[in-house]
Amino acid sequence: MANHLELIQELQQLDKVPSLERLRAAQKRRTQQLKRWAVYEKEMQNKKRKADKKSRNLISFQQSESKMRVSFAASVALLEASARNDPDEVRYLLRNNVSPDLCNEDGLTALHQCCIDNYEEMVKLLLDRGANVNAQDNELWTPLHAAATCGHAGLVKILIAHGADLLAVNSDGNMPYDLCEDDPTLDIIETAMANRGITQEMINETRASTERKMMGDIQEMLRLGDEVNQQDSQGATLLHIAAANGYVQAAELLLLEGGARVDLRDSDGWQPLHAAACWGQMHVAELLVSHGASLNAKTFLEETPIDLCEDEEFRAILLDLKHKHDTIMKSQLKHKTSLCRRTSSAGSRGKVVRRASLSDRHNLCRKEYETEAIVWRGGREEEKEKESDQENNQVKPVITVELSEKSKLPIILKDVSGKQNGLVTTTTSMPLQMPSNGSTATSNESVVVTSQPSQEEVAPKERAQTLSELKKQRAAAKLLNHPLFNGYLGNGSTDSFSDAKVYSEDPRMPLVSSNGNAVYYTPASGDPPLLKFKQPLEEEQPKARTCCCVS
């Protein structure tokens with residue numbers, strides 16, 4: 001419909017037109033109003049029909065819901081009826097072709113549940129209907145395991161009578177008699193084992209059969225070249241299985257021959273060591289740690305193998321292993337670090353030398369020489385200190401001076417100890433220069449100087465000397481002048497005898513000279529040098545002057 005403003009504008013226009021035109025406009029407006037009303041009424045009827053339809057559907061749905069019932073799977077119904085000990089419903093389900101061996105997600109059957117709850121009538125009913133007496137759940141537990149663990153002696157008798165396996169091994173490696181703590185029930189099981197002729201060898205054989213079968217499969221995989229690190233849908237590997245079950249030989253085969261990795265994780269982030277720690281497999285855990293498994297590895301829940309270990313004794317062993325492993329790794333890291341540094345420096349030595357300038361190389365060599373000289377100097381100083389201490393304890397050389405008025409003999413040098421390291425004992429007789437004041441000496445005027453070697457000087461030196469030391473000692477010896485020889489042998493100088501000193505020279509540096517020059521030799525330098533004696537200078541005698549003759 002038109003709004004109010006449109007109608008006012010239309011009326012203003014109709015005031016100016018004749019009456020006939022106004023009549024036609026009014027009829028036209030009325031026709032439009034009727035059409036709009038018809039459309040509106042139709043829409044309202046449609047809405048009403050839709051609302052009625054929805055209400056009818058809702059009512060029908062509510063009625064249908066009141067007639068619906070909850071239905072369960074046959075396995076759930078059978079387990080629930082067995083747990084309620086309802087024989088009638090169990091018979092009804094079994095008559096309707098429901099299998100007595102149906103199990104839930106954990107592999108638990110109705111027979112397992114009845115053995116746990118000690119329902120003897122229900123157990124007999126299920127066994128009569130064909131239930132498997134050796135059915136296994138996800139952890140390989142049989143109904144006999146459940147009855148023996150709970151100590152139900154009556155159920156144990158019924159199961160044994162129906163042929164239960166007395167040597168059945170679960171995932172933990174336990175047989176029914178291993179789990180039985182009730183003495184009467186244990187007597188029943190052991191009596192049945194004896195009646196069947198079961199021996200300890202058969203028990204051991206049965207326990208190891210699963211591991212042997214696994215080892216056979218592993219060897220076949222290795223022969224065919226298959227990958228032993230394959231992971232299943234849960235991410236577990238063969239090493240995970242061996243670790244969880246405590247198969248030491250299988251784990252060794254995987255690690256040594258198959259090259260199995262110890263760091264692979266399953267869908268929960270567990271490594272094989274986590275599985276071994278969780279199920280208390282101590283020997284496998286030690287084996288994994290020895291092959292590099294980390295005791296600090298964490299699962300997706302931030303759990304280490306030690307956190308997963310529930311046995312306190314086993315936890316203490318793991319802590320001890322962790323301590324030893326950390327100690328070994330620290331020592332290996334130290335050795336590895338030093339080795340890497342040497343390898344790195346050796347490998348980059350050429351680059352460093354090429355980049356260094358000549359001055360840097362010279363300074364480097366000079367620094368090395370200075371360091372070596374300091375070391376040698378320190379060693380020489382220590383040797384000198386030791387020798388000085390030894391000389392202080394030795395006997396001082398004895399000097400004997402005899403004066404002879406008439407003996408004027410040349411120097412006699414005699415090598416007494418020719419086999420020593422240049423050690424010479426000298427006996428000297430020489431004319432003594434008279435004092436300038438003309439005083440004469442008494443009686444004997446010959447001088448005999450005897451230097452007696454000490455015991456240490458007589459003993460040969462065993463320390464080997466380097467060529468550089470020999471050169472240095474020769475150079476030092478050439479620069480030295482022995483005061484005794486300089487004063488009385490060299491140039492005939494007339495220094496006083498008090499200036500002559502007898503030196504306790506190092507036995508390795510004896511001085512022998514005829515002209516004041518020092519000579520050094522050792523057995524390492526070959527034969528001693530030849531001594532060339534120099535004739536002492538003779539003062540020219542003044543010519544006798546004859547008296548002048550006065551002619």
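We count from 1, first residue shown onward.
A Cβ is built for glycine as well, from the same backbone N, Cα and C atoms used for every other residue.
Over in TrEMBL, the protein carries these features:
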{"type": "REPEAT", "residues": "106-138", "note": "repeat 'ANK'"}
{"type": "REPEAT", "residues": "139-171", "note": "repeat 'ANK'"}
{"type": "REPEAT", "residues": "234-267", "note": "repeat 'ANK'"}
{"type": "REPEAT", "residues": "268-300", "note": "repeat 'ANK'"}
{"type": "LIPID", "residues": "Cys547", "note": "S-palmitoyl cysteine"}
{"type": "LIPID", "residues": "Cys548", "note": "S-farnesyl cysteine"}
{"type": "MOD_RES", "residues": "Cys548", "note": "cysteine methyl ester"}
Quick one: DSSP breakdown of the repeat 'ANK' (106-138) into helix, strand and coil? 17 helix, 1 strand, 15 coil
Summed over the repeat 'ANK' (268-300), the DSSP helix, strand and coil counts are 16 helix, 0 strand, 17 coil
On the repeat 'ANK' (268-300), the mean of the pLDDT values is 91
